[in-house]
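Marked as domain 'Response regulatory' by TrEMBL: 3-118. The 4-aspartylphosphate feature in TrEMBL is assigned to 52.
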C-alpha cells in the first residue's frame, strides 16, 4: 500500500480527499499546513505528497523548498494544488513540482497521477 501525505488547511477538503484516497487504496497521512507536514515527514516518509499552495503558517511553496533542501525528503514527488492558476503562481517565483492541479480538478486524473508518481502505475 502506497502512502500519500495530504496537506491542506481547509478541513473539509482534507477530510474529503483523505477518505477518497483511502477508499482508492492509499494510506493517508494528513497535515493542516506546511509546518505540520514537516513534522509528519520526520515521522514517516511518504511515497508521494499532495500539497495545497495557499496555507497559513507555512505554505506549499515553503514546504517544497524545505523538502528539496533535505536529503531525506527531496526524492518524494510533490503534486501541488491551488485555485490560483500555475501561470500566476509562477509570476512570483517559479514553482518546481512533479505536477500541478488547479482546483476544481478531475479527481480521477489526480488519483491516476498520484498512483503513477507513487510507483503503482494506472489502474
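Each residue's number is its place along the chain shown, starting with 1.
Positions of Cβ are set from backbone N, Cα and C atoms, glycine also.
The Cβ of residue 52 (4-aspartylphosphate) has 7, 8, 9, 10, 13, 60, 80, 81, 82 as same-chain neighbours under 8 Å, each 6 or more residues away in sequence. Looking at the domain 'Response regulatory' (3-118) alone, the prediction's average pLDDT is 93.
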